[in-house]
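Sharing the features that TrEMBL gives for it:
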type	residues	note
DOMAIN	4-360	domain 'Isopropylmalate dehydrogenase-like'
BINDING	76-89, 285-297	NAD(+) binding site
BINDING	96, 106, 135, 221	substrate binding site
SITE	142	site 'Important for catalysis'
SITE	189	site 'Important for catalysis'
Ligand code: NAD
């Protein structure tokens with residue numbers, strides 16, 4: 001099958017990490033016989049330089065015509081003094097809303113070779129963890145009614161969710177659990193919040209449609225504690241916008257470097273056999289301090305490509321091949337500078353962005369999956 005992918009290289013280290021990830025995508029195409037057409041799109045600071053706006057109309061129209069979009073990072077000091085509607089980061093919000101993505105998927109995986117990067121003790125981490133946080137992205141308290149009283153002495157924000165919003169994010173969680181270890185934990189504050197009780201009510205109905213997935217529920221304060229007490233207990237966590245915002249940052253800290261972590265934002269499932277639109281990006285920013293030096297870690301972007309293969313194209317074997325290739329390269333001792341800081345052993349070999357991309361691509365080509 002042919003897939004059309006929008007490529008937003010963006011600013012700072014964006015073009016470098018995306019370049020490395022595209023080499024890996026090419027290796028996937030060659031190894032598994034797929035064609036990936038690439039549509040280069042301008043967004044962020046480079047788009048401001050070229051056209052005066054962070055997200056040109058043309059970018060939006062062409063992105064919508066793609067099957068999925070891969071984004072490096074946008075922003076940098078050059079554009080920091082512009083008024084807020086002209087800031088590069090506007091491009092991210094604009095793209096999310098134009099592509100109608102409402103589910104943010106953030107994995108937190110501790111890879112064995114990077115054990116040293118995890119701040120938790122050995123007895124807590126055990127054999128490692130592999131968590132996927134599914135966060136609702138377009139509703140809840142960040143988008144609910146907010147304001148101040150007339151006298152300015154009080155302010156309010158509103159947590160507001162419709163059954164439809166809850167149902168669709170839960171379905172994303174259950175479908176993801178089916179591609180993983182078949183466990184889903186709904187995280188809320190149902191002992192206090194009426195909106196959380198609605199989440200539980202909707203979940204009772206939806207979970208019946210997924211009898212193969214084991215469901216549980218946990219209060220958010222307990223979950224924040226359990227993530228550092230026994231992270232291995234979680235598979236998929238589904239939660240609201242604000243709880244997901246906080247928990248995904250907590251979970252990402254458990255895995256070490258910011259350069260390692262991918263993310264996906266996905267929308268309505270495509271028709272049977274058709275791709276699901278998604279926006280895939282590493283969680284880091286444009287890192288202006290290291291841009292242009294060929295030292296940025298491209299693994300977060302490469303793992304974002306693996307998420308694209310799995311969640312937009314349903315190419316699970318191919319996604320696994322990329323993830324295993326990353327693990328093998330790390331096991332062999334290859335590191336970019338950011339992940340070599342934790343423990344330099346005699347087998348550690350430090351490489352740049354391009355070389356790391358080439359090593360992973362080579363492993364994908366050798367894959368026997
Ligand atoms: P940042 O993530 O760019 O950098 C934070 C620190 O992590 C820096 O020291 C950087 O060198 C390091 N780092 C980040 N990615 C790395 C990688 N792949 N390999 C090695 N080291 C890495 O965050 P920041 O400094 O707060 O923001 C810089 C710019 O990026 C700002 O303009 C900000 O608005 C923008 N930003 C963009 C996005 C996005 O495009 N999604 C996200 C966050 C920040």
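First residue shown is number 1, and so on along the chain.
Note: Cβ is positioned from N, Cα and C throughout, glycine not excepted.
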Can you tell me which of 88, 142, 189, 287, our recorded positions, come within under 6 Å of ligand 1 at the Cβ?
287
Tell me whether residue 291 (NAD(+) binding site) sits in a helix, a strand or coil according to DSSP.
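Looking at the DSSP assignment, residue 291 (NAD(+) binding site) belongs to neither helix nor strand, so coil.
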CB neighbours of residue 96 (substrate binding site) within 10 A?
17
Give me the mean pLDDT over the domain 'Isopropylmalate dehydrogenase-like' (4-360), rounded to a whole number.
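Summarising the domain 'Isopropylmalate dehydrogenase-like' (4-360) by its mean pLDDT gives 94.
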What are the non-local neighbours of residue 106 (substrate binding site), defined as same-chain residues 6+ apart in sequence with CB under 8 A from its CB?
132, 133, 135, 244, 248, 251, 252, 261, 263, 283
When you measure from the Cβ of residue 88 (NAD(+) binding site), how many other Cβ atoms are you left with inside 10 Å?
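Counting Cβ neighbours of residue 88 (NAD(+) binding site) within 10 Å gives 26.
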Checking the contact step here: among the binding-site residues 76, 84, 96, 221, 287, which have a Cα within 10 Å of the Cα of residue 189 (site 'Important for catalysis')?
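So the list reads 221.
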Out of 135, 189, which of the recorded positions has the smallest number of neighbouring Cβ atoms within 10 Å?
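If we count Cβ atoms within 10 Å for the recorded positions 135, 189, the smallest count is at 189.
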Of 76, 84, 88, 287, which is closest to residue 96 (substrate binding site) if I measure between C-alpha atoms? They're all binding-site residues.
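Nearest listed residue in space: 88.
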